[in-house]
Amino acid sequence: MELDEVIITRAIFDEYSKTFLDYTDIDVALVGGGPANLVAAKYLAEAGVKVALYEQKLSLGGGMWAGGMMFPRIVVQEEATRILDDFGIRYKEYESGYYVANSVESVGKLIAGATSAGAEVFNLVSFEDIMIRENDRVTGIVINWGPVTTQRLHVDPLMIRTKLVIDGTGHEAVVCNTILRKIPNAKIGELGLLGEKPMWSEVGERLAVNATQEIYPGLIVAGMAANAATRAPRMGPVFGGMLLSGEKAAKLALDRLKTI
């Protein structure tokens with residue numbers, strides 16, 4: 001067969017355009033492609049939810065790729081190994097209760113698990129703003145191309161309608177910060193301000209799950225964004241809390257969708 005470059009171009013443009021249009025009205029928008037949102041994406045998609053994940057960078061995985069200080073290994077607690085099992089991620093016990101996995105394999109299989117389950121990924125697409133309706137409830141997200149955002153180009157965005165948003169943007173908690181900045185008298189969490197505390201792995205891991213919640217009408221926080229939204233400590237390259245937070249975020253979203 002002789003390849004035709006124009007057909008290649010048309011195939012890519014046509015198929016992506018159809019997908020993009022189909023996902024302008026969805027059930028759940030996951031902002032940020034880190035481990036918590038990848039876990040949530042898999043479980044939501046498996047439940048039949050129309051879910052899309054938006055990541056500003058080219059690659060997904062957040063800070064998991066590099067493990068700890070570029071040593072490509074991560075630690076996971078025993079209670080989260082069942083999620084590793086769900087994704088087919090290999091691990092071994094280092095000491096009692098401490099399990100070690102290859103960070104590159106972990107990210108690859110998290111991505112494969114989410115996409116194989118049916119979650120649609122839009123990488124190189126950045127979150128710019130939220131959409132609101134009555135009582136300032138979150139009803140969608142405003143997006144642009146990632147390079148437009150990073151290069152600070154003056155290009156108007158496009159909009160996605162969604163029933164729920166999950167902020168999985170890590171330390172920056174970008175969606176939460178947008179709400180605080182743009183909605184008068186909006187309150188995120190009990191303290192109404194953002195930013196995680198310094199390192200305390202034990203407390204940070206525990207609170208990552210506890211802090212995963214619908215923190216504002218239409219907005220669920222997950223992963224490190226949940227810690228940032230509730231002033232909980234950071235935890236470093238131990239990822240059990242991130243995985244369990246993603247699982248909890250999916251469960252919360254499924255329950256909430258029944259009421260919308």
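Every residue, even glycine, has its Cβ placed from backbone N, Cα and C.
What Swiss-Prot records for the NAD(+) site is GLU55, GLN56, GLY63, HIS154, VAL155, ASP156, MET224, and among ALA36, ALA40, ALA41, ALA80 the residue it adds there is ALA36. The least crowded of the binding-site residues ALA36, VAL155, MET224, judged by other CB atoms within 10 A of its own CB, is VAL155. Comparing CA positions across the binding-site residues ALA36, GLN56, ASP156, the one lying closest to HIS171 (Fe cation binding site) turns out to be ALA36. Across the binding-site residues listed here (GLU55, ASP156), the residue whose Cβ sits among the most other Cβ atoms within 10 Å is GLU55.
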